[in-house]
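One structure below.
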Amino acid sequence: MTAQPDTAAIRLTSLSHGAGCACKLPLSALDELMASLGPGVLGAAGATPGGPSALAAGDLLVGAAEGDDAAVLRLDDERALVLTTDFFTPIVDDPGDWGRIAAANALSDVYAMGGRPLLALNLTAWPGETLPLSILADVLRGGASVAASAGCLVVGGHTIDDPEPKYGMAVVGLASPDRLFTIDAARPGDALVLTKAIGTGVVATAHKRGAAPADVLRAAVASMTTLNAAASEAALACGVTAATDVTGFSLLGHLHRMLRASGVSAAVSAGAVPLLPGALELTAAGYVSGGTRNNMSYLEPWVSFSDAVPADVAVLLRDAQTSGGLLLATAAPDALVAELTSRSTLAAAVIGRVEPGPAGRITVNP
Ligand SMILES: Nc1ncnc2c1ncn2[C@@H]1O[C@H](COP(=O)(O)OP(=O)(O)OP(=O)(O)O)[C@@H](O)[C@H]1O
Ligand SMILES: [Mg+2]
């Protein structure tokens, strides 16, 4: 009989070159890639299919050109299909937690469109020769448990051999075609509301280096495994039309994308942004991921910080998040905050305001 490896001694994060959504390709590279593809390669909303297609013109409500959280296809007057995918490298050492985080993160893009998830497929890359499959089974169990709590069935998947483990899901959901949340619907005067605290990137980076206190890691994992379902339901109940989820491009990066798509600017109140416990201390101690550094350089021409914003808070606003909250724009923030609070979302913070001005510009005040 071959000796079984001690699975408890395996640190999954040591196998990962970057943590969670911090391993996304930088926004600058993604922009360049999309622009280089040229027209007609990826389907855009309103486009008429060039060749034979089952799609009727106009039924693709959100496509690649929109750069939104998920694609949306109208099925009939009441129903639209929502389609999205996400996967990443180990963000924590516990396999079940990694699975739960990756699933909550993949499902989040459906909630960010105002949909609810129906079916999912596991996307898995695994070093089959060196890493026991029992660990992968724990990852998949974690993912399935979160999907089940979302009312979403995992119905299959795909697994490749890869020296670096990766896990995530492709998810199909349903939404009402006339009640979608899109990235291009923020309007001057709207308040910006955030439904989770930020700081998962610094906590994950510190954890990878063995420096995150247990209670700090626990709070970050609790946040990352929490579904954005309640936040999405609250936003639907309040008639919100503009939303995105906060992930690897950071709070300011995803806000910038929303503002750019909507043709507006915004002012953010740094002091109103909720921070995870320990995040500020770990930022001060230098646990800043490569993804966050990419966000900082990408956002340089777009964001002006008041001198009164503490430097570590300014870093956290650009911290690469994994499975972050929803960022919602609303003309009726009091009603939305009350609805979020009644549904016990992790946060319900008014963090700024949409303003008329150059598309994508952000001013950060203390
Ligand atoms: N390889 C790719 N081919 C086509 N489109 C892509 C590709 N990678 C990213 N995109 C598109 O670029 C946009 C931004 O991608 P990104 O992964 O940041 O969105 P997202 O799914 O909302 O991210 P997250 O899951 O982290 O919230 C999305 O509209 C996405 O569909
Ligand atoms: Mg998203």
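Note: Cβ is positioned from N, Cα and C throughout, glycine not excepted.
Nobody curates TrEMBL annotations by hand; they come from automatic prediction.
The annotation active site is assigned in TrEMBL to CYS21.
Around the Cβ of GLY157 (ATP binding site), the number of neighbouring Cβ atoms within 10 Å comes to 16. Annotated ATP binding site per TrEMBL: LYS24, GLU66, GLY67, ASP68, ASP86, ASP109, GLY157, HIS158, THR159, in sequence order.
Annotation note: ASP245 (Mg(2+) binding site) sits in a strand segment as assigned by DSSP. According to TrEMBL, the feature Mg(2+) binding site maps to ASP69, ASP109, ASP245.
If you look up TrEMBL, you'll see 67-174 marked as domain 'PurM-like N-terminal'.
Residues or ranges marked as domain 'PurM-like C-terminal' by TrEMBL: 187-364.
LYS24 (ATP binding site) is surrounded by 20 other CB atoms, counting those within 10 A of its CB over all protein chains shown. Per TrEMBL, the feature site 'Important for catalytic activity' maps to LYS24.
Screening the binding-site residues ASP86, ASP109, GLY157, THR159 for a C-beta under 6 A from any atom of ligand 2 leaves ASP109. THR159 (ATP binding site) sits 22 Å from ASP109 (Mg(2+) binding site), taking the CA atoms of both as reference points. In this structure, the binding-site residues that sit close to ligand 1, with a C-beta under 6 angstroms from any of its atoms, are ASP245, chosen from GLY157, THR159, ASP245. There are 17 other Cβ atoms within 10 Å of the Cβ belonging to GLY67 (ATP binding site). Comparing ASP86 (ATP binding site) with ASP109 (Mg(2+) binding site), their Cα atoms are 9 Å apart once rounded.
Counting every protein chain shown, the Cβ of THR159 (ATP binding site) has 15 other Cβ atoms within 10 Å.
The two recorded residues, GLY67 (ATP binding site) and ASP109 (Mg(2+) binding site), have Cα atoms 12 Å apart.
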